[in-house]
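Summarising the annotation, TrEMBL assigns region 'Disordered' to B:213-238. Residues or ranges marked as transmembrane segment in TrEMBL: B:20-41, B:48-69, B:81-100, B:112-130, B:136-158, B:179-200.
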Amino acid sequence: MIEFRSVSKQFPDGTLAVDDFSLVLPSHKTTVLVGSSGSGKTTLLRMINRMVDPTGGAIEIDGVDIAGLEPVKLRRSIGYVMQNSGLLPHRTVVDNVATVPLLRGVPKKRARADALALLDTVGLERSLADRYPSQLSGGQQQRVGVARGLAVNPNILLMDEPFGAVDPIVRAELQQELIRLQRELGKTVVFVTHDVEEAFLLGDQVVILRQGGRVAQVGSPTEILASPADDFVASFVGADRGKRALHLESQGGRDILVDSEGRLAGVLTGGSRPGEADPVPGSGASAQGGDSR
Amino acid sequence: MTWIWSNLDFIWDRTLDHLVLSVPPIILSFLIALPIGWLAHRFRLGRGFILISVGLLYAIPSLPLFVVLPAIVGTSGRDPLNLVIALTIYGVALMVRVVADGLASVDPDVRLSATAVGFSGWALFWQVQLPLAGPVLLAGLRVVAVSTVSLATVGAVIGVQSLGSLFTDGFQRGIEAEIVAGIVCTVLLALAFDGALVALGRLLMPWSRPARPTRSSAPLTPGPKALGAAVHGGEAAK
C-alpha cells in the first residue's frame, strides 16, 4: 500500500506542482493518475521512488515513511517504465532487462537467465535478446521496458505514460498485454497518462487531477462515469458528450445505443433497460461494439 | 628515390621515434580532459570559463612553448619530454570541449530512466554517460590523434628526433626525396592512428553502428546521435 499524506511540491522556481495531495493506493491494484499537462501527475509518480522529494507532507510505503530510505536502494526495489522505453542504447535487450538485478549484485549468469525468462513473460521472442534497442520496433522496445521494470520482481511498478509514443494499434495491444500481466502478477501499479480511455481501461482506481496536483475525483471508472464530482470531471471524461453520452432508441424491436451526435454506438444485448432495474446510466458495461477509435 | 632506398633504416627509425612521441600525448590528453570536461559539463556556471580558458591553450605558439617549458618543468632543452608535454597541452585544449559536448549529447531521457531504476551517481557516469558519449569522444580523439602526429614534426626544430627530422635535414642538405618521404610517412602514420581508433571504436561500441533492419517489424528509430561531424576534418596546421 502506498499512502500520500498532505503531500505538496513547490519547485525552486516557485511553481506549485502538487498541493496538499492525499491518497491511498491499495496493494495489488492498478491506480491510474490522469490529468492534462501541468496536473502534477508525473511529479506525483516520481515522488514514490524519490526522483522528486516533496516539500511538504509524507509518503509511506507499507507504513514506512520513504523519506528515511536511501533513494538509490529504494529505486532498485521499485519497477519503473517510462515513455520511449528509456532503455540503455548501448546494451543488448537481455542486458537491459538484467540491468537492475546486476546493480543489486545478482550473479551475471543468473541475471541473464532470469532476463530471458522475462522476455517470455512480456511476449518477446528470445531471438531478440542480443539485439540493441535501436534494432527493435517501438512496441518491442516498450515490452523490453516492461520486462526491465519487472526484473527485480518488485511489489510496485511505476509506469509513466509508457504507451504514449507508440501507434494506436500497438498501444491497444500493449494495454491488453498489461491487463493480462496484471491478472497474473498482481503488482501495485501506479500508471500515469493523459488519456482518459486508457485510464478507464487499465485502472481499478482512477484519480482525476486538475492543475497543481489537486484531486478532482477518485473512484472506479464506473463511479466516475456514473456520477462525476463536478463539471470539470464530467467534461474531462466526456460523460456529457460524444460517444460517452449514449441513449437508447428502439429500432425494429431492438434497443440500439446512439451517442449524442446521433451516431450508432452499439446494440443493447443484455442487462435491462434503465428504469427497470439497473439505475446506473451509461456504465457502459453492457454496451458492445461501435467504438469508433 | 635512391636516397630513400639507401636510407630506409633511417626513415624507419624516425617513424618509430615519431610513434613513441605521439602515443603518450594522445592517451594523456584524453585522460586529463576527462575530469575537466566532466566539470565543465556538470557545473553550468563554470562551463564557459573552463571551455574558453582551456581552449585558449591551443593558441599558444609552439616554439615559445618549447622555450619556456624546460624552465617551468625543469627538463633540459632537448628532452623529448618537452615535446610530449606540449603536445598533451594541445590535445587537452581540443579534447576538453569534446568531453563536455559528448556528455551533453547523452539523451536526457536515458539518464533519467537510468537514475529511476537505481544507478548511483558513480555507476551512472561509468556505465551510462561515458559509454554513451563514446561516439563523440571517438570523433574528437581522432582529431587529436591526427593533429598530434602532425604537430610532433615540430620536435625536429628543437632537436627531438622524429619524422620532422626528415624535413629539417632535407632542407639543409637540399634532398627533395627526404622531405617528400617525411611528408608521406607523417600522413601514413596519421592515417594508421585514425584507422586504429576507428577499429577500437567498433570493438568497444558495437551498438553505435547503423542498425540492421529487423525482419519481423517496423520502423527503426535512428541510431545513436549523429557524431559531431563538425569535429572532422579540422586538422590543425600550427
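Using the three backbone atoms N, Cα and C, a Cβ is placed for every residue, glycine included.
As the structure is a computational prediction, the values presented were derived from the model and not from experiment.
For the transmembrane segment (B:81-100), the partner stretch with the most Cβ pairs below 8 Å, chosen from B:20-41, B:48-69, B:112-130, B:136-158, B:179-200, is B:20-41. When Cβ distances are compared across the two stretches, the transmembrane segment (B:136-158) makes contact with the transmembrane segment (B:179-200), since 3 or more pairs at least 6 residues apart fall below 8 angstroms.
Here the transmembrane segment (B:48-69) sits against the transmembrane segment (B:20-41); at least 3 CB pairs are under 8 Å, leaving out pairs fewer than 6 apart in sequence.
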